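Residues or ranges marked as repeat 'WD' by TrEMBL: A:19-57, A:129-161, A:173-206, A:218-249, A:268-302, A:372-414.
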Amino acid sequence: MSLLGEEEEALKLSEVQTLKGHTDRVWGLAWNPATGADGVPAILASCSGDKTVRIWQQQQQQQQPQPQQRSCSSPSFHCKFRIDAKEALVLTLRFSFVLITTEARELLFGKQLATASFDAMKMLSLLLEDRHDRTVRSCAWSPSGKQLATASFDATTAIWEENGSDFECVSTLEGHENEVKSVSWNSSGSLLATCSRDKCVWIWEVLPGNEFDCVSVLTGHTQDVKMVHWHPTVDVLFSCSYDNTIKVWAEDGDSDDWHCVQTLSESNSGHTSTVWALSFNVTGDKMVTCSDDLTVKVWSVDIVRLQSGDIHASWCHLCTMSGYHDRTIFSVHWSREGIIATGAADDAIRLFGESEDQSVDGPAYKLILKKEKAHAMDINSVQWSPTGNRLLASASDDGTIKIWKLESMQGTLNHSSPNTL
Amino acid sequence: MTLGLINANPIVREKKERINRAEAADHDAIDPLDIYDILNLISIDLVHIVRDIRDPEHPYSLEQLSVLSEDSITVDHNLARILITFTPTIQHCSMATVIGLCLRIKLKDCFPPHFKLDIKVAPGSHADEEAVNKQLNDKERIVAAMENPNLRQLVEEFDGSRSFSFDRNNKLSASNTSRLASEIGSSHSARFTSYEKLMRLDHHVDYIASNNNRSRNVTWRFLTKIFSLKKSSGGDSEEKMSVPSKSWRPDPNSRWPLQGW
C-alpha cells in the first residue's frame, strides 16, 4: 500500500500510551517479532540505565459493539505480570499496600516495581533485575521470539528465556573488555553479534542447550562501536562506530573466517561524525543510517547479487537528508511500510518517506511529519511495531516509553481517544 | 615528554571583582553568571589529578587559571541550550576530557532537565580540539564513564569545600623523594605508552576480587621498572605502598584517570 496514495493525506502521530516504570533513562526498545498479530498480544522489551529490563504486554480491551462503527480494539499496554513462588507472597502484600506510593513500595520490598498506567486495576510486575551491574544499553529478541538478549555496560550480554510466566537468565556472554553497546540476532537466529567500546565486534554461534560459542572477534574499527545489526535476509553483519564509519562484515564460504568486506566512510559520502544507528528496509536492498553529524543517509545495494551469495556486493550512497535535525540523531528505524522514523536529542520524532518526485539520481526522501516535544528529553530509541499496524514506540532520557499511532488527520478509524485507554 | 607536573607554571590571574548585576527580571531564567559562580567554586588542583603528592601545588580556581571566564557560558532560553567553553591551560592538556566531564557532572542539577548542555574547549586552545569536543559531548560515553567507580570518585572530588588531594600512607620511608621522582617519571610515561594495559588493569580492578591486588602490583612494578629514571628502592616499598582498597581515595598503584573514557 503506497504510503501517500494519490491524494497526499495529512498524517499525524497520536500518542496512544505512555509506559512509566523505569527509574532512569530508557536506552533501547525491542518489539517481540513473534507477537502482535493473529490475536497474540504484542510484547515490547525496554532496557534502561536503572540496570533493569522491563517487558510490556499489550492488553486487548473489550469494546462495546456499536452497529454503526467498526468494532476494534484499542491497544493498551501493561507491564507483563509475572509471578513465582517468592513473588506470590509479595503479591498478597501488594493488595494491602495499594495506596502506598511507588517509592515507599520500593523501600518495603527492596525491589523496583513498575506500575502501568491507564488500567483501572494497577498491575505490578517484578523484574529479575539483579543480573546486570550497570546500565543495560540494548536488547534484542531472537527471531523466534523465545529469547531476549540484553547488552550491558558491565561488559556482559545476558540471554533470557521465558520460563512459564517468568523470564530467567539462561546464559551470560563474556569476553568484551568494557561496555557492550549493542546486540543483534541474525535472521535465522543461529548467530548473535555484540559490539563494545573496546572497538571489537564479537560473533557468537547459537548452539543447542543455550550454549553460545564465539566464532570470531572482528577488529577494524578504530573507536567505540555503537551498534551492530544483521542484514534481514543474508548473514552479513553491519556495525557503526564513533570513528564515523560503517563496516560490512561477511564470512568467506563457511569457514568462520569473517572479515570486513566494505567500509563506508567519509570518502564514500559517509558520515562526518559518530554513526549511532542503522536500519534496513523490509526487502534489505536499502539501509538508512543516522549520525551525530545531524544527517540521515540512505544506502543501497544490488540485492540480487547480495542474495545470490556475492558477499562483495557493495553498498553505495543514495541520499542524504540534512538540515532536518539540529542535534544528534540517536536512532533510526525503517518500517515494513517504508517509513523512516528518527529519534533525536532535540526531543522530536521525525518521519521520512520516499518522495514522489524522483530525481535523476534516484529516489529522494522527504520529511512527512515532525513531532516536536514528543518527549521531555532526548529520544534514545524509536522502533516500529513489526506488524503492519503503524504503531511506533519511542524511549527517552525522561524514563518513559511512548507508543504512538500514525494515522490520517481526517479522523481516526479507531474511535478511541487517548483518555479512554 | 615533560617530567613532573603537567603544567608547572600556570599563568595565574587576579581574581576579578564581580560587578553586581541588577536582579534579573525573570527569576526563572537561567543566569549564566549563576553557572559561572558555581564553576568558580571548584578548587582544582591540576597536579593532583595525575599523581599523589601530599602538598597541593596549584590550588587556584578555574577563573584564576583562565580556564573559564564570564564569557564562557552562553545560555539560549528559546532553544533551551547552554554552551560552556573552557580553555585548558596548555595546548596539549591531557586532562581536558576529565575537566570537561567534571564540569558537566557539577552542573547536572543546576538547570531544568530539558535544557541541553554542550561543553567544548575554546576554539584554538587545544591541539586535539575536535576529538576532545566529540568525547565531551557523547552522551553514552559520559554515562559509561560515570558508571566507572574510579572515574566517578575522581569527578566527585571536584568540590569547592576541599581541595583535591591524595594522602600518602604514613609509613613512607625517607627514600620517599627519590621514589617519588621515579614514580613520577614512570607513571607519566607509563600512562602515555601503556594506556591499553592500563585499561585492562582497570577492568580487572572492577571485576576481580581484591586478592588479585598482588598481580596488579606485579604488572605495575614491571612497568615502573622499565620506565623508571631513577632507581627505585625495589619491590619492597612498592608492596608496603598498597593502599587498603576500602579507602575512599583511589588506589594510587592501580588507578589513573582515564582521559579516553
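Just so it is clear, glycine is given a Cβ too, placed from its N, Cα and C backbone atoms.
Remember, TrEMBL labels are computer predictions, not curated facts.
Model, not experiment: these values are computed from the prediction.
In terms of DSSP secondary structure, the repeat 'WD' (A:19-57) contains 0 helix, 18 strand, 21 coil.
Residue counts for the repeat 'WD' (A:129-161) under DSSP, helix first, then strand, then coil, are 0 helix, 17 strand, 16 coil. When Cβ-Cβ distances below 8 Å are used as the criterion, the repeat 'WD' (A:19-57) is approached by residues 75, 77-80, 112-117, 125, 127, 129, 132-141, 143-146, 148, 150, 152, 160, 167, 377-378, 380-387, 389, 391, 393-403 of the same chain, each at least six residues removed from its ends. Taking Cβ pairs closer than 8 Å, the repeat 'WD' (A:372-414) reaches residues 9-20, 22-31, 33, 36-37, 42, 44, 46, 48, 56, 70, 72, 74-75, 77, 330-337, 339, 341-349, 351 in its own chain, all 6 or more past its ends.
Long-range contacts of the repeat 'WD' (A:173-206) within its own chain (CB-CB distance under 8 A, at least 6 residues past either end) are made by residues 134, 137-144, 149-159, 212-219, 221-235, 237, 239, 241, 249, 258. With helix defined as DSSP H, G or I and strand as E or B, the repeat 'WD' (A:268-302) counts 1 helix, 17 strand, 17 coil. For the repeat 'WD' (A:218-249), the DSSP counts in helix, strand and coil order read 0 helix, 16 strand, 16 coil. If you average pLDDT over the repeat 'WD' (A:268-302) in this model, you get 97.
The residues of the repeat 'WD' (A:372-414), classed with DSSP into helix (H, G, I), strand (E, B) and coil, number 0 helix, 20 strand, 23 coil.
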